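What TrEMBL says about this one:
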BINDING   GLN51, LEU52, ARG53, GLU54, LYS55, ASN86, SER125, LYS154  4-amino-2-methyl-5-(diphosphooxymethyl)pyrimidine binding site
BINDING   ASP87, ASP106  Mg(2+) binding site
DOMAIN    22-206  domain 'Thiamine phosphate synthase/TenI'
TRANSMEM  12-31  transmembrane segment
Amino acid sequence: MRRTKNLSKRKWFILFGNPAIYFLMGTTNAGTKEPLALLEEALQGGITHFQLREKGRGALTGDALAEFAAECKGLCREYGVPIFINDDVELACTIEADGIHIGQDDMDCGQVRKQIGASMALGVSVHSVKEANEALTCGATYLGMGPVFGTRTKSDAKPPAGVAEIIKVKTQYPHVPVIGIGGIEPGNAEMVWRAGVSGIAVISSIAGAQDVAGQIERFKQSIPGRRVG
Ligand code: TZP
Ligand code: MG
């Protein structure tokens, strides 16, 4: 359902109040579909969070990227879904995104927090309790952890880590939102939820689905306690 909500008034601490189906996409993940049409299908299907992750051969840059990002933000606003920008502080600030997501190896997280100020959400990818501690000390709002399973979407992904480290991080920091990522599909998502994540982040299993809304519904059904039948 399309609805308009002023997310600028929304504080980051309620960003992960309910189980999140966090869709990541860039123009290079859209296959034969028109990227904005794919994003709208996903929004209609009920994704709860969106991250613009523009990577790989043929990725947009410069003005074309800024224009695309602004269009993505406009669509996300219509559906009341927060938009995050991957790795690009300037772009996140230009379009006044709700958040930015960075890899710990990509940028200095403390520096990014200074640049974006206190009100923009900051997601940081981590792989251990030690890295989680560093990210939280720098002002991370939530943590991304993965790849949980094997993935072909990220060329420099580390080996699949399963859910063991997620469980350790959640044991140490029970109130910090952790999002699992990497190779997550409806059929393997349940063990990620059971590790205590606040959400699952997905690229190919949603972007490549014939029936995007149906696939998102399958992800929703994978949430323990939300299963029907
Ligand atoms: N970070 C760790 S794995 C990954 C990222 C961005 C790619 C996830 O893509 P997919 O297609 O859902 O496995
Ligand atoms: Mg990165």
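Cβ coordinates are placed from backbone N, Cα and C, and glycine is handled just like the others.
Proximity of the binding-site residues (LEU52, ASP87, ASP106, SER125) to ligand 2: a Cβ under 6 Å from the molecule is found for ASP87, ASP106.
Cβ neighbours within 10 Å of SER125 (4-amino-2-methyl-5-(diphosphooxymethyl)pyrimidine binding site), excluding its own Cβ and spanning all shown chains: 22. Separating the Cα atoms of LEU52 (4-amino-2-methyl-5-(diphosphooxymethyl)pyrimidine binding site) and ASP87 (Mg(2+) binding site) is a whole-number distance of 10 Å.
In the three-state DSSP assignment, the secondary structure recorded for LYS55 (4-amino-2-methyl-5-(diphosphooxymethyl)pyrimidine binding site) is coil. Not one of the binding-site residues LEU52, LYS55, ASN86, ASP87 places a Cβ under 6 Å from an atom of ligand 1. Taking only the Cα positions, the spacing between LYS55 (4-amino-2-methyl-5-(diphosphooxymethyl)pyrimidine binding site) and ASP87 (Mg(2+) binding site) is 10 angstrom.
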